[in-house]
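Comments concern the structure below.
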There are 2 protein chains.
Amino acid sequence: MIGDFVVHATAGAARHATFSTAHGEVATPCFMPVGTLADVKLLEPRDLHELNARIVLANTYHLWLRPGRETLVAAGGLHRFMAWDGPILTDSGGYQVFSLESRREIDDDGVTFRSHLDGSKHRFTPENVVAFQEDLGVDVAMAFDECVKLPSSRKDVERAVTRTTAWAQRCAAAWRRGPTMLFGIVQGGLDEDLRAQSSAELVALDLPGYAIGGLSVGESRAEMDRVARFTAALLPANKPRYLMGVGTVRDLVAGIDRGIDLFDCVYPTRSGRHGRALTRSGIEYNVRNAGCVRDFGPLDPACDCRVCATYTKAYIAHLFRSGELLAQRLISYHNVAALTSLVRDARAAIDGGRWKAFRDALLASASP
Amino acid sequence: MIGDFVVHATAGAARHATFSTAHGEVATPCFMPVGTLADVKLLEPRDLHELNARIVLANTYHLWLRPGRETLVAAGGLHRFMAWDGPILTDSGGYQVFSLESRREIDDDGVTFRSHLDGSKHRFTPENVVAFQEDLGVDVAMAFDECVKLPSSRKDVERAVTRTTAWAQRCAAAWRRGPTMLFGIVQGGLDEDLRAQSSAELVALDLPGYAIGGLSVGESRAEMDRVARFTAALLPANKPRYLMGVGTVRDLVAGIDRGIDLFDCVYPTRSGRHGRALTRSGIEYNVRNAGCVRDFGPLDPACDCRVCATYTKAYIAHLFRSGELLAQRLISYHNVAALTSLVRDARAAIDGGRWKAFRDALLASASP
């Protein structure tokens, strides 16, 4: 049933679970590739299926502006529009509109902002952001939240927590409780008492899942780790926990260890477009390195993806040096494979009682 | 056997044939996608197989400079380097080095030129250009020719014809007659007597195939058509004829009608990267057109390619407007399908006694 979250095995806070959506089951821990504009850059849905990327992210702010609600509804929803039949999670656009800074005005009812594309004026409210995501037919809609940059004053963080709770309540009231699930987003900056307050107020709404927001926005990795660990423990054990905007191999492993189930990040595709390849041991290297030119092995000998089975590092390095966009596609493909394999192996390690050894090996080898 | 050219059916000068290479048979008329730098831009070998693109082009000049002979030989040849197991034809680099103008010096023995990448000095001779292509293990090597821009003086065209013949003789003498076939390239500008001289001198070498070079370099379509028709008739009927750098739907149809068997052009992939899609009736349109935004049909309703079976025009238009590189990949894929389907249907029309009707319908509908 939609929203079911069944835990199969645990290792400390880490757990292997299955999360049910209207477009199928998602094994967690899970890494979700980012498809902001209704595509994961340079990859097709067929690629994503091959990569075992079970659920993808898209973004309310960007899709609201282009192609817009009418086109997406006329297309038959976001799944049909982007030709992806697996689950989709959309971010609420909160993070994006708050990033607009001079182009937006916040009031207690919502946010008025100008499009970064053409300067046109738009307004987000908790109600219309939830309705938009439901109209698109996505599997998981995120509540509209206020995300503050770090560092911020205690007063600003307090205000964001209060507003995020009030808006989450309005999102929950507006939510149609159909096939689209609604997740809450915990804010609270780096203050444990504010994180505790935000968590408690959102958990009271009994939503199908909860995200930890407001991290990976300027703080140190140690601070992020402390707050994510603290907050994850306050979220219900019987619902998925999602750490937004994270991350690298190191961050994924640390997150899984704290009991996080879902992750998203542009990291593998953005790195790929910049010629940086990831290995299964979490090491990142640039294919521009001189050593790649005559290396006729794959991007990562430990990888079982189609790109590693087909192409050599020398070939991809040649394409990248030559400015051929195909290189960006091939490295992006492999990098997503690196993270979807990582979470697959993490699930197996949790099942097999090997989680701690698996975690420690990766934390020892992964790039900082 | 390598080099066999078996004609199955004809319609006037047009013919459906099979041409045998070390990497399999090629049904002609055939359109060859261009993979200058050892990749067809944004497409993988898997895509090319799906697209029935039986043979691809690569370029001696570009591969000589990067990654260079040593890397390509160490990789096990060009096929293994680019992970393509079908036939490959390489252009000899003649066209490219002559385009360098201020960066090259021609003498009767060869051409000394500076790399457009780093200014380094290199020298092409008929012998080393053939050896390079053979070392790469390609299926068809092109002879080293002198290609003049049009318009050129009669004297310049005469000199190019004389030199092209002398160099073709040296190419033929150097050619190892192994799995790599050698094709000659007819020059002669727009002068029928020089085209006749060039054809006769090259045909005397009894090479496995002949190309018509020095066209699509600045002359009008009527001039190109006249010279190609005149020259094609002078080339052996029992060997493949290749019209270099051509072309559009209209040019392919006209070329097939003159008895041309092989074509190559960057047209479908370059158009695709610029958002221009081709239809089966030869019409070209830009996905930026306002009408595409809410068109939930495929790029071409008459097309049976995977992109048309999967994605709507509205989706691809959205991606293109959003600057997503995936749009360039999808349109390139479809455009190659448009041309490989065209030649497939041309073969069937020749077999079925419908060639003239097929030709006339396309010449009436295709974009100018």
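Please read every residue number as a count from 1 along the shown chain.
A Cβ is built for glycine as well, from the same backbone N, Cα and C atoms used for every other residue.
TrEMBL does not curate its annotations; it predicts them automatically.
The active site, proton acceptor annotation in TrEMBL covers A:Asp91. In three-state terms derived from DSSP, A:Asp91 (active site, proton acceptor) belongs to an extended strand segment. A 10 Å cutoff on Cβ-Cβ distances gives A:Asp91 (active site, proton acceptor) a total of 28 other Cβ atoms nearby, all chains included.
Its Cβ placed at the centre, A:Asp264 (active site, nucleophile) has 23 other Cβ atoms within 10 Å. Annotated active site, nucleophile per TrEMBL: A:Asp264, in sequence order.
What TrEMBL lists as substrate binding site is A:Asp91, A:Ser92, A:Gly93, A:Gly94, A:Tyr95, A:Asp145, A:Gln187, A:Gly214. Of all the Cβ atoms in the protein chains shown, 30 others lie within 10 Å of the Cβ of A:Gln187 (substrate binding site).
What TrEMBL records for A:Cys303, A:Cys305, A:Cys308, A:His334 is Zn(2+) binding site. Counting every protein chain shown, the Cβ of A:Cys305 (Zn(2+) binding site) has 23 other Cβ atoms within 10 Å.
Here TrEMBL flags A:13-365 as domain 'tRNA-guanine(15) transglycosylase-like'.
The feature region 'RNA binding' is assigned by TrEMBL to A:245-251 (among others). Residues 95, 215-217, 221, 224, 228, 260, 263-265, 267, 278, 282, 338-339, 342, 362-363, 366-368 of the same chain lie 6 or more positions beyond the ends of the region 'RNA binding' (A:245-251) yet place their CB under 8 Å from a CB of it.
The annotation region 'RNA binding' is assigned in TrEMBL to A:269-273 (among others). Long-range Cβ contacts of the region 'RNA binding' (A:269-273) within its own chain (Cβ-Cβ under 8 Å, at least 6 residues beyond either end) map to 33-34, 40-43, 284, 328-336.
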Helix, strand and coil counts within the region 'RNA binding' (A:269-273) (DSSP): 5 helix, 0 strand, 0 coil
Fewest other C-beta atoms within 10 angstroms, as judged across A:Cys303, A:Cys308, which are the binding-site residues: A:Cys303
From recorded positions A:Asp264, A:Cys303, A:Cys305, A:Cys308, A:His334, the one whose Cα lies nearest A:Gly93 (substrate binding site): A:Asp264
Helix, strand and coil residues within the region 'RNA binding' (A:245-251) as assigned by DSSP: 3 helix, 0 strand, 4 coil
For A:Tyr95 (substrate binding site), the number of other Cβ atoms found within 10 Å of its own Cβ: 21
Neighbourhood of A:Ser92 (substrate binding site), C-beta criterion under 8 angstroms, separation at least six: A:Thr60, A:Val129, A:Val130, A:Gln133, A:Ala141, A:Met142, A:Ala143, A:Phe144, A:Asp145, A:Ile185
Secondary structure of A:Cys308 (Zn(2+) binding site) (DSSP, helix/strand/coil): helix
Listed binding-site residues (A:Gly93, A:Gly94, A:Gly214), ranked by Cβ neighbours within 10 Å, top entry: A:Gly214
